[in-house]
Each structure stands twice: as C-alpha cells, then as structure tokens.
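According to TrEMBL, the features are:
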| type | residues | note |
| --- | --- | --- |
| TRANSMEM | 12-40 | transmembrane segment |
| DOMAIN | 15-484 | domain 'Major facilitator superfamily (MFS) profile' |
| TRANSMEM | 52-73 | transmembrane segment |
| TRANSMEM | 80-98 | transmembrane segment |
| TRANSMEM | 104-125 | transmembrane segment |
| TRANSMEM | 137-157 | transmembrane segment |
| TRANSMEM | 169-188 | transmembrane segment |
| TRANSMEM | 303-319 | transmembrane segment |
| TRANSMEM | 339-358 | transmembrane segment |
| TRANSMEM | 370-390 | transmembrane segment |
| TRANSMEM | 396-417 | transmembrane segment |
| TRANSMEM | 429-452 | transmembrane segment |
| TRANSMEM | 464-484 | transmembrane segment |
Amino acid sequence: MVFRKPPDGGWGWVIVVVSFFAQFLCYGSPLAVGVLYLEWLDAFGEGKGKTAWVGSLANGIGLLASPVCSICVSSFGARPVAIFSGFMVAGGLMMSSFAPNIYFLYVSYGIVVGLGCGLLYTATVTITCQYFDKRRGLALGLISTGSSVGLFIYAALQRELIELYGLDGCLLIVGALSLNILACGSLMRPLESSSSPPPEKMFVDKVPDQYFVYHEKEKTIEENISILEKGYTDEKCVNNVPDCKQDSILNKNVLSSININEKDTYKKKVVEQTNFCKQLAKRKWQLYLTYWKDTMVLFKNKVFSALFVAILLFDIGGFPPSLLMEDVARSANISEDDYYMPLISIIGIMTTVGKLVLGILADFKWVNTLYLYVTTLIMTGVALFAIPFAKSYLTLAMLSGILGFLTGNWSIFPYVTTKTVGIEKLTHAYGILMFFAGLGNSLGPPIVGWFYDWTQEYNTAFYFSGFCVLLGGFLLLLAALPCWNACTNQSSRLPPNTYSYKVASNA
C-alpha cells in the first residue's frame, strides 16, 4: 500500500474527532475501573490483589497483544479493526453484568474489553500518524485526550449509574454506549495513493513466471488433443468399413500416445504446482525471517532498548494510582464529607490537560521530545514517593492532579517512537513497546494490592512504584546522552535499516 504525503489537515481533522470519541467511548470504563473496583471488592469478597487483576487486565491485555493488533491494522486497515473493536468492547461490558464470580470478570471485562481497547488504540494512533506529519504531536495529543475525558466523565457516570441501577445495570448501559464506536470507525477513511495498482494486479505480478509458462504449455497440449480427436472422428464417417478397421487400430494407437502425453502433462502439472507451493512457502518464510531480523535491528539501537525498559517500569509503578487511589483514600480514613470530587476524576481531567500541553510542546522545534519524556518519568517517580505522606483529601487531590498531568506523556510516546525508529517502522516498533507497556499495566496494580494484603498499608507499595519509575527514567536518560554517540560513533556502525535517535538534534 502506497500512502500519499500526510495532508496535515483536511479529512485528517475528521480522523482526529472520530478517534477522540472512539477512545472516549472505549477507554472511559476501563480507566475509571477504580469505581467498579470498590463494588467488586464488596460483591465478591476477594483480596485486593486478586480483585485488582480485573482492571489491570482490562488496561494491560490490549497492550500485551499490541504486536497482534499491529498486524491486524497492517493487514486489514484501521477502519475494519476499529469497527470490530467496537463489538468487542460493547460485548465484553454487557457480558460482565452477568458475572457470577471474579474469574468470569477476568475473561469478560479483562480479556475481551482489554483486547478491544488495544485494537482500537492501535488503529487510531496509526491512522492519525498517516494523516499528520508537522502537526503530529498536536493531533496525537488531541485524540489521546479522549481517553482522559472518558476517565473524568465515566468516573462520575458509573458512580451515579450504580446508585440508580446497581452494578449490573451500570455495565449494561455503559456497554450500550460503547456501540457508538461503530459509527466512529466507519469514518476512518484510509489514506491511500490513487496511483497505486489494484490488489488483484499486485497479486498477479507476484506469481512466478514458471506458473504462467505451465498454463501456456497445458493449453497447447489440450488444443492438440482436441484437434486429433475431431480429425479421427470425421474420418470414420467418410471411409469404408475395412478402412475404418485400420483407422480404428490407428486411432487406438494415437489415443494411447495421447494418454501417455496426458500422463506426462499431469506429471508436469504436479511438478509445476509443487514448485509453485515451495516458492510461495519460501517467500512466506522469508517474510517471517525479515520480521525478526528487523526486530533485532531495532534492539541494536540503545535508545530503543532503553525505551522499552522505561515503559515497562513506568507502567508497573505509574498505573496503580489511577486504579487504586479511591481505595487509598478509604484506607486513610478520609471522610466522604470531605470529597468534593472523585480522585479518579481529578486524575482524568489533569491527564487531559497534560496530554494537550505535552502534545503542543512536542511540536516546537526547540523542544527535544525524548528529554521531555524523561522529565515526566522522573517527576512521576518523585510524586509516587510522596503518596505515603498524604493524609488528607487535599494532599491526595494535589498528588492526583500532578500524577494525572504527568501521565499525559502518553500523547508524546508515539511521537518519541516515530523519531527513534522512523515512520516506516512505527507500527512494528510501537507494537513491541506496547507489549511491554501492557505487561507493566497487568502487573502493577496486583503487585500494589499484594503489598497491601501483606503489610496492611500502601506505603511500601508506593515506595516500590516510585523506585521503578525513577529507575526507568534514569536508564533512558543515560542511553540518550550525547556523549555515548561521541564515544562509540554508533551511528556509523549500525546497519542501514536502523534509525538512531540523535539527541543533539531538535526532535
């Protein structure tokens, strides 16, 4: 598929709007799962670590399956994948309303909804990057705010729906709202070149020449056989009986020779088809080998290698507050009368602000997006260390706002990935990085919950979370320092397909 130059506008703004609403409808409930988390704790009576798996799977399984999601988007396009994800998210939410135990929720809410979210996220990011180049940071920031606005609204919406219709009714209504993703996905028109050849012609051009040679030979042999049969049949009607006997004998000899030719033709056909299948299998195997070679080449880039470690540690430590902050406040014995706004809603609205601000900053030429991303990691680690010292609603609200703003660095992460590996390898590299992000999302909340079940307090858990985020930030900072390029001259040693992130240049 050949793409035109990104228009940086036009229908691209329609893509931004529908991607915003698609992420709003898709991620609203999974990101605001902290409200449902408290209800599930009371309904099923399981431990905090065990119950936290539901929300962590919903937010992590889609990222774990990012390589598969990337392959789906590359194979089928963003529009079909987005529409299919709408069915998955809506179906998973509605199924969850009939959950008899926590294990059923692992599948319906954790896996089905999570996988649908992963497919939609990959589709929206990929098609937005195709439509925008100079304004890519702004476009990614705008669409990523959809999930943050969804977190802000769904936190209050789900709480209100639970009070009015109960937990089951809340999930049914939220699932019905998610069906609007189908309308959003239908507007994601692919950006294709009008001069690209049709798929049928492209497929025919890839068929080996030997296959066409075989068809020509087979056609010639069949024509010769039909001519011989017709000629000998006509002679039977004209000649007398004795001649017919001789002709019949001759005809049998000719037909026997024709049968031999047919057998030879069949053998040739089997040989040619076998060769064709072997060449096709060889070509597929070469594609798989190329995929893994490209993956190994990506990891030879030290910035990319540090990036996957940083995103893994960031999600292990940075994701739990958005899921567990409400329970942190309840464990600190904060009165409900002091609640002016749910802490999850504060995280959501500040994440929206953070995504917009960081996305706009990424478009400035004087801003290095990699250093900007590292700064958000280090500040997130410091904020996590401060959570155990917060004993009032006001301090928890302030920390929630800071963490929400810094979590907005998700809007610049695709931008950093693009600058690191290039737009040509964005889908490949982004799928790998999202796999490790999903691993962190899946492990983070259960680890924090297990720490609480073990120590009966959250202090140790958030010290561990802050350490993980700080470690990832400092490792990425060390890998991005210009002195490494000066000492090793890595740019000249890397294979030609490797895209090195030049920190000294403007990102």
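Cβ coordinates are placed from backbone N, Cα and C, and glycine is handled just like the others.
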Highest-contact recorded stretch vs the transmembrane segment (303-319), from 104-125, 396-417, 429-452, 464-484, CB pairs under 8 Å: 464-484
Range from 12-40, 52-73, 137-157, 169-188 with most C-beta pairs under 8 A to the transmembrane segment (80-98): 169-188
Spatial neighbours of the transmembrane segment (104-125) far in sequence, C-beta under 8 Å, 6+ residues away: 19, 22-23, 26-27, 29-30, 40, 53-66, 69-70, 72-73, 78-79, 81-82, 84-89, 91-93, 95-96, 98, 140, 143, 181, 185, 188, 414, 427, 430-431, 434, 438
Distal contacts, the transmembrane segment (396-417) - CB-CB under 8 A, six or more residues away: 125, 129, 136-137, 140-141, 144-145, 148, 307, 311, 318, 321-322, 325, 328-329, 332, 334, 340-341, 343-344, 346-359, 361-362, 369-370, 372-373, 376-377, 379-380, 383-384, 386-387, 390, 426, 429-430, 433, 507
Candidate ranges 12-40, 52-73, 464-484 - greatest C-beta contact count to the transmembrane segment (169-188) (under 8 angstroms): 12-40
Top partner of the transmembrane segment (12-40) among 52-73, 137-157, 464-484 - counted as Cβ pairs under 8 Å: 137-157
Positions on the same chain near the transmembrane segment (464-484), where near means CB under 8 A and six or more residues out: 302-303, 305-307, 309-314, 316-318, 320, 370-371, 373-374, 377-378, 380-385, 444, 447-448, 451, 490, 501, 503-504
